[in-house]
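The region 'Disordered' annotation in TrEMBL covers 1-20. If you look up TrEMBL, you'll see 42-65, 71-91, 112-136, 148-168, 189-211, 231-250, 358-377, 383-401, 413-442 marked as transmembrane segment.
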Amino acid sequence: MADSGGSSTPLLPGDGSSSRNRCPWRFSIPSPATSFRIKTSVWAELGGAVGDLGTYIPIVLALTLVNHIDLGTTLIFTAFYNAITGLLFGIPMPVQPMKSIAAVALSASPHLTIPQIMAAGLSTAAVLFLLGITGLMSTLYRILPLPVVRGIQLSQGLAFAFSAIKYIRYDQDFTASTSSSSSSPRSWLGLDGIILALVALLFLVISTGSGDDQERNANRDRSRTRSCVPVSRIPSALIVFLVGILICFIRDPSILQNLKFGPSAITITSITWEDWKIGFFQAAVPQIPLSVLNSVIAVCKLSSDLFPDKTELSATSVSVSVGFMNLIGCWFGAMPVCHGAGGLAGQYRFGGRSGASVLFLAIGKLILGLVFGNSFVTILSQFPIGILGVLLLFSGIELAMASRDMNSKEESFVMLVCAAVSMTGSSAALGFVCGIILYAVLRLREVDWCRLVGIRGKDDAVEEN
């Protein structure tokens with residue numbers, strides 16, 4: 001994605017005035033100088049690079065330990081995904097695990113095998129790819145009521161925030177089923193205690209404030225205050241993450257002995273017909289509606305809110321992007337991934353403003369994948385979960401705050417009902433359906449049925465006389 005005044009265009013035609021040319025296969029690669037141009041500072045982009053790790057690390061860690069997905073392969077492929085999507089879209093486009101597939105893979109009895117997980121990812125990718133290239137995703141994006149989309153964003157944001165509080169307050173066992181991952185209360189002291197998490201939380205609040213646009217705040221406050229170290233240039237999330245990595249070695253110095261140098265061997269995954277059936281019906285079916293709503297529709301809406309000076313993201317391009325990533329990587333055993341509104345909100349919250357943010361993340365992942373391979377999981381297994389909770393909390397709140405633009409009571413009503421159903425039923429698809437029905441019922445109330453069927457009321461008779 002390019003700036004509104006630039007000459008480069010998105011990967012595929014947009015959903016607005018630029019969509020007159022409907023050929024979905026007309027590719028236009030933006031200039032790296034445009035997509036990776038740093039908008040604020042290198043430190044801010046570095047901070048944004050790790051803004052999504054609060055959701056990325058727990059899921060990847062659990063899938064690696066329980067389902068034996070190769071972490072090295074996943075790091076290498078997601079590094080390429082980050083770099084390519086950063087180039088194509090020009091914003092800190094996140095690359096997240098497919099959460100429904102991960103939840104099923106971890107909670108199913110027996111646990112899903114690697115071929116079954118890959119079959120689920122490939123099935124979901126095929127659906128999104130077809131919706132994208134046929135233009136159906138763009139049509140869906142244009143006709144969906146904004147209050148319904150905001151309801152999905154609000155529910156996802158609050159769900160992230162609730163999970164973050166659990167990470168901070170309770171010990172977590174990511175290798176257990178999702179229903180029993182929270183166990184005993186977390187101790188206040190120690191290298192993964194509540195006090196450590198609260199210190200990290202306080203540091204992030206002091207350094208990033210409420211998450212307002214840093215450039216606007218800097219211009220507004222320049223005439224009033226001066227600081228020898230501007231907090232807007234502190235890569236706060238990166239500092240917190242690096243402290244977490246340091247704590248890993250302090251908690252268990254023996255992890256150095258378990259590290260093995262060199263990348264993992266990349267092999268092609270063999271998928272049987274039984275794997276396809278299990279992967280599709282158990283994991284892909286619940287994932288597809290979540291990917292459509294949160295990975296495409298909500299991402300496009302949120303990007304237009306966060307980056308109003310940029311050309312609107314094309315639902316077609318985002319949908320094709322999700323499909324294309326998995327149609328390649330899943331064959332080699334890389335974790336199924338998607339884009340996500342929560343990840344975009346988190347990376348923006350901590351300073352990401354351009355494709356440079358995810359480019360930095362891609363470089364870091366690639367180095368770790370090539371140097372340590374799958375053995376890097378020994379480090380992640382010791383990462384303080386309370387710190388991950390703090391990062392996830394900020395991501396969730398930023399996503400939930402996107403719903404603050406509902407200006408009427410009717411819009412807020414639809415949004416809140418949609419969010420409540422989504423969270424109560426743990427299903428974004430169920431909340432979406434209820435939101436659409438409620439929105440349609442409210443629209444029907446505005447129809448003048450008497451005039452429609454030809455019955456004149458008293459007001460009509462008076463006007464005629």
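Just so it is clear, glycine is given a Cβ too, placed from its N, Cα and C backbone atoms.
TrEMBL: automatically predicted annotations, no manual curation.
These numbers come from a predicted model, not from an experiment.
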Subject >> Interface-richest range of 71-91, 148-168, 231-250, 413-442 toward the transmembrane segment (42-65), CB pairs under 8 Å >> reply: 231-250
**OP:** Give residue numbers and ranges for long-range contacts of the transmembrane segment (383-401): same chain, 6 or more residues beyond its ends, CB-CB under 8 A.
**Re:** 50-55, 57-58, 61, 153-154, 156-168, 171-172, 186, 191-194, 196-197, 200-201, 204, 208, 211, 237, 240-241, 243-245, 247-248, 302, 341-343, 345-346, 348-350
Original post:
Taking pairs 6 or more apart in sequence, does the count of Cβ pairs under 8 Å between the transmembrane segment (358-377) and the transmembrane segment (71-91) hit 3 or more?
Top reply: yes
Subject >> Stretch in 71-91, 148-168, 189-211, 231-250 most in contact with the transmembrane segment (413-442), if contact is a CB pair under 8 A >> reply: 148-168
Original post:
Which residues of the same chain, at least 6 past either end of the transmembrane segment (189-211), have a Cβ under 8 Å from a Cβ in it?
Top reply: 168-169, 217, 231, 234, 236-237, 239-240, 243, 247, 250-251, 349-351, 384-387, 389-390, 393-394, 397-398, 401
